[in-house]
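Have a look at the structure below, then the notes.
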Amino acid sequence: MTSLAELRQRLFHRYYITHLIYGCTFILFSVKHLLFSNDGDISDAEVNAHIALVLFSVWKAFMASTAEELASVLILYTKFFTFCMIYWKYGMFKTILYLGGWIVLSTLFPQPWYQGPTKIIDLSERKFREDVQRRKQTNINEVGEGPRITEITDDGQEEELSSSNSKTTNRKKNKGKGKGKATKEGEYTRYWIVMLYANWSLACLNFEAVLAKLSLEYSADHIKFGKIDIDIYTDLADEYGISRDPASFDLPTLLLFRDGAQIRRLPELTPTTDDSNKNKNTAAMTAKDTITRIGWSKKAATVVKAFQLDRILIEK
């Protein structure tokens, strides 16, 4: 159960406050008119519109995965409700003014990313390759044997050493440095759960709270959570078949790695077949994958079940 203190930390932000007030302007005006006006009547159409707003809000309260998602959708509902009611009661000119204010407010105060407690690690591509995929990055000093170099010894004599010998000498000199770092194969984290996201994606923004909650509950010595921006590291988007087009439904994509290899992903896509069957049922597979991308439930229970987090948590 999320505490009130945590909700205040996550939602007490100028975006949620200003946009909610702006969205509720017509509702506040209607309440004022009913309480303080002598002809405080309200038409049946207005009553029905308010009831519809309440019903949609209650429905979304049960469907939302996070408090951030619920708050952002309720703000959208109230602003659209006010937009329609202003057009119905006051005409086009005031509606355009309200729409202009909506755009300006959204530009000045965009929705923030998750503000609460988390154990999600921000990954660069290098860290992703080394820690998650366990691929060693090639060091320029470790590329084969290079040209021979001349080294001046303490007694003034010259010695010729190959670059490979120089590399060995440097290793001996640096022996013992960096103690405590995870340099051995056995010290790698066995499981990684990584979210591939983009800053412009509202779905990623709302899903981060779900992943943060899971990171607090399931992080262990052998399980870590991370995220990486595929707008910055575009090679990863191509590597895992993720479209960066805003019209696509690929984001967020969640990957589960074990011992450096991807074993599961959400949303789950149709696996590719051999070349002989590659062109068969292509349209059906594409349609199925599109529906999967749109419809997968971005809730904590879905991730726990798909990745079997309860089982891997107790692994030693």
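Glycine is treated like the rest: Cβ placed from N, Cα and C.
Now, the feature entries from TrEMBL:
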type	residues	note
COMPBIAS	152-161	compositional bias 'Acidic residues'
COMPBIAS	169-181	compositional bias 'Basic residues'
DOMAIN	191-265	domain 'Thioredoxin'
REGION	136-182	region 'Disordered'
TRANSMEM	15-35	transmembrane segment
TRANSMEM	70-88	transmembrane segment
TRANSMEM	95-114	transmembrane segment
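Counting same-chain residues at least six beyond the ends of the transmembrane segment (70-88), those with a Cβ under 8 angstroms from any Cβ of the stretch are 11, 16, 19-20, 22-27, 45-46, 49, 53, 56-57, 60-61, 64, 94-95, 98-99, 102, 111, 202, 206. In the predicted model, the domain 'Thioredoxin' (191-265) has a mean pLDDT of 93. In the domain 'Thioredoxin' (191-265), helix, strand and coil residues by DSSP number 23 helix, 26 strand, 26 coil.
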